[in-house]
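> Structure incoming, see below.
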Amino acid sequence: MKMKKSNIKNILIISVSVFLLRLVYFVQISESNAYLGYLPLKLDAFNIFVSALMVICIAFIIPVKIERPSDFFLLFYGVIVLLSCTIFSRTTVIIDQFGAIILFVILLIPALVVKKIHIFKYKLKIVGCFNPNILYYGLVAMIALAGIAAATRGISAGFDWDSMYDRRLEGRVRIGEGNLIAYLIEMAVNGFAPFLGYVGALRNKVFFLIFSISFSIFAFWLLGVKAAFLMTLIFVLMGFMTRRNKLQHLPAVVSYGIIFICLSALGEYAIYGFSEIAETFVRRAFVVQGVLQSYFYDLIANFNLNSFLFGLDKSYGRVTFYVGSQYLGNPDTNANTNAFLYSFATSGILGYIGAVLFVGLFFSILDKFFYSFKSKDIFFVAAVYALLLTEQAYTTAMVSSGVAVLTFIVWLIKSERQSSIKLMTISR
């Protein structure tokens, strides 16, 4: 594997990020979360050597610039999933160093597949026949309908930060699961509203911009979903960057953003003796991710042959709640992890392979769509799916979070290139 200057730069930036994330964990998080079994991280020679190898692997996975839709997966998956595994998978006593290495390999394989997979002689007809505004306002109507339907369920709404988890649980009970309103709300929060924020920033549509941000605030007020606001802001930023042809620099923004957050957390700790930034961002985005990975790995490592092939016995219920009950001591905790570990736990090695192939195939299709069609809307589809895969099953993200619907909508949007072309065929 040839070492390029860009790879060396990636290694240096990731190494700095690893050091700062470890430092934030050492200074505060390990102590403030000791009641959860969080332990100081070991720094013996072997651990440092293994971590260095993992950092090198991540540096070759994470793109230096965004050039195609699949780069979003490599960026977010590398930063959130692989980096968390490298640093925090041994935060508890659940797995040893050998287990951490096996876990990293399991998680690395999907990234390698997405990076290398290609579809040869695959043809896909794209019908772009709708004015985009018609489709965008259709999404506005669906979001408004979902919001009104949810607001009439008698949920105790409010902006109190401490009660947001209570609102979330109450919303789950009052709205229910598996019904139309529940699906619409999830699609609106995870997909439709962020998409309109991206479109608003990309095409300078102020109404879509204000509407998407307002709905994300509404989602926190009603359901205590704080991630909706953050997701919307991320995609608004992406929209502005795309409009100014700066989106290729997103990996640098993300990398330096992590460093800035860590330095801010350390500064806050130095001044006040406690950092909310560390607990809100570093712990939630990285530490919890790594810890949950270790729990799922331990579950998989203790499977019998039947479970290894086909997943956890269905008599145990949903695997995320089973992990919440067995490892976190709370049967109401929905312990989500990335799509690939989830598929391994719920459907065995066959499910894991299926998830890897599906995700690789999907991003390959998005790449070919972009190469032929140059649609900037497809960037959103790739980025939101990549982010959702870090904490959701690939089928849940595709269907329940609205990625499939958004992909279809982007397929239907009429662009400038179609002024004289009605049907296009994708080919590399």
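All residue numbers here begin at 1 and follow the chain in the order shown.
Placement of Cβ uses the backbone N, Cα and C atoms for every residue, glycine included.
Quick paste of what TrEMBL says about this protein:
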| type | residues | note |
| --- | --- | --- |
| TRANSMEM | 45-64 | transmembrane segment |
| TRANSMEM | 71-89 | transmembrane segment |
| TRANSMEM | 95-114 | transmembrane segment |
| TRANSMEM | 134-155 | transmembrane segment |
| TRANSMEM | 180-201 | transmembrane segment |
| TRANSMEM | 208-241 | transmembrane segment |
| TRANSMEM | 253-274 | transmembrane segment |
| TRANSMEM | 339-362 | transmembrane segment |
| TRANSMEM | 394-413 | transmembrane segment |
> Does the transmembrane segment (134-155) come near the transmembrane segment (180-201), with 3+ Cβ pairs under 8 Å (pairs 6 or more apart)?
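Judged by the Cβ rule, the two regions touch, with the required three close pairs present.
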> Quickly jot the same-chain residues contacting the transmembrane segment (208-241) by Cβ under 8 Å, restricted to those at least six beyond its ends, or write none.
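Sequence-distant neighbours of the transmembrane segment (208-241): 136, 140, 143, 147, 150-151, 155, 157-159, 163-168, 171, 185, 188-190, 193-202, 247, 249-250, 253, 379-380, 383-384, 387.
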> Same chain, outside the transmembrane segment (394-413) by at least 6, Cβ under 8 Å from its Cβ: which residues?
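Hits for the transmembrane segment (394-413): 126-130, 132, 135, 139, 183, 186-188, 190-192, 195, 339, 343, 355, 358-359, 362, 375, 377-378, 380-381, 384-385, 388.
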> Would you mind listing the long-range same-chain contacts of the transmembrane segment (180-201), meaning Cβ under 8 Å and 6+ residues beyond its ends?
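Same-chain residues near the transmembrane segment (180-201) but 6 or more away: 132, 136, 139-140, 142-143, 145-147, 149-150, 153, 207-213, 215-216, 219, 223, 225, 228, 231-240, 242-243, 377, 380, 384, 388, 397, 400-403, 405-406.
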> Sequence-remote contacts (6 or more beyond its ends) of the transmembrane segment (95-114), Cβ cut-off under 8 Å?
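Sequence-remote neighbours of the transmembrane segment (95-114) are 46-47, 50, 54, 57, 61, 70, 73-74, 77-78, 81-82, 85-86, 89, 293-294, 297-298, 301, 338, 340-341, 344, 352, 355-357, 359-360, 363-364.
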> For the transmembrane segment (71-89), find every same-chain residue at least 6 residues outside the stretch whose CB is under 8 Å from a CB in it, and list them.
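Distal contacts: 14, 17-18, 21-22, 25, 41, 51, 54-55, 57-58, 61-63, 65, 95, 100, 103-104, 107-108, 110-111, 114-115, 250-251, 254-255, 258, 285-287, 289-291, 293-294, 297, 338, 359, 363, 379, 382-383, 385-387, 389-390.
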